[in-house]
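This report refers to the structure that appears directly beneath it.
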């Protein structure tokens, strides 16, 4: 049985879709069978980030409504043969998702794949709650700023009450993925510090993804950053996060902290 | 060091429990109303001046049906103070407000009320009882958007209370972590209740209905271990350690 991970945040624009694609591609490069499911019905983006927008025929809503078989809707990545995408529908809205339909799809995906990564829409409504409903573990994507942190806190509360796992009285495993971390701004003190975010959210950290042009460049060419430029700083951080998701224990480095005096001076000037 | 945090006069907002009778109608409403009339004829004035809550949980009715029912009940001098278990879409302006969180009570708690049963469908009287002092312990952080409401006594949180979360206690509140949200102690009228926290970053504090917002708090208390209590109409604060 595969593991279901929900990538969620509450707030929009913090990097859920980028992180879903990057973690999915990182796990698939370990040889494990991965499907990334877009729950953002009506505002789908994951197909673009994964470079599959011209290959979408059937989608999650078609499968839920019985208009297509799951195998017809799944899109295999052209670069990684163990990576699949289940796209959302762009022409429908979140009401097209039914709890029963999502349950059937998730059960089937869990049977076939090692990892089912659910890319949640922003917000705390139907789309987001259905994306988290069947999760075994959660990746909470947070930017180091107060509104993102508070929204993440709200989502953690929902993960602990509205998921099947919580309703069965089990503990939902939650991991914090800090994205868009800018070492220069952190140094100047105009961004929340890593330890402050951890103190507020009090869930374990699985990675700090530095703010980088590489992420934007990867999105624009339609490739997860872990495929587009595997040696870039954000890609390396995503690879480490994927290893931690798979259960490995690795020390976490805060970007920018290893720099020497020269780097600090350079960093200040550059900012 | 002790600081007076409030003006002499402030607005008092309190929680209070009332006894309410809950009516659970069933479909079709005509039959149910006939049974209600039968009951009323045997016990004149049972509903007179009584707060009555309508429980429509799981009833497949629309807004017009609910409005009719409320109207029919009003003709019988039964005034509905709230509706429990209704979808938000069937309530609205001109309708009684939605209520939730009602708790059933044992029959002896309502013994001083006349016990009358409808045929087949007993009316379920509900009261908020006043049991002996109690306390609850929450072993996890209270997250943004969550409320802990415990009118019966003390609340202890082992962890932080997030911005946008709230604790409402009938007794004292103890936070072994950072208090960033709201804390309201002594909410059912207990001036002796206190608030304790390991680190004060609260948005709002209240004891026995006396409120204080973050900007009214002395800046040197922020981020410190603090206890707060009430003296007359003023919230007092003292650093611990």
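The first residue you see is number 1, and the count goes up from there.
Quick reminder: no glycine exception, Cβ is built from N, Cα and C everywhere.
All TrEMBL annotations are machine predictions without curation.
Copied over from TrEMBL:
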- A:5-224: domain 'CobQ/CobB/MinD/ParA nucleotide binding' (DOMAIN)
- A:11, A:12, A:13, A:14, A:15, A:16, A:17, A:18: ATP binding site (BINDING)
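According to DSSP, residue A:12 (ATP binding site) is assigned to coil rather than to any helix or strand. Using a 10 Å radius centred on the Cβ of residue A:15 (ATP binding site) and all shown protein chains, the other Cβ atoms total 22.
In this structure, A:11 is the one among the binding-site residues A:11, A:16 with the smallest number of other Cβ atoms inside 10 Å of its Cβ. Across the domain 'CobQ/CobB/MinD/ParA nucleotide binding' (A:5-224), mean pLDDT in this model comes to 94. With a 10 A radius on its CB, residue A:13 (ATP binding site) counts 11 other CB atoms from all the protein chains.
Long-range Cβ contacts of residue A:18 (ATP binding site) within its own chain (separation 6+, distance under 8 Å): A:49, A:179, A:215, A:219, A:224, A:225. Note on residue A:17 (ATP binding site): other Cβ atoms within 10 Å of its Cβ, all shown chains, come to 27.
Taking each of the binding-site residues A:12, A:14 in turn and counting other Cβ atoms within 10 Å of its Cβ gives the largest count for A:14. Same-chain residues with CB within 8 A of the center of the A:11, A:12, A:13, A:14, A:15, A:16, A:17, A:18 CB atoms, the ATP site residues themselves not counted, are A:9, A:19, A:122, A:141, A:179.
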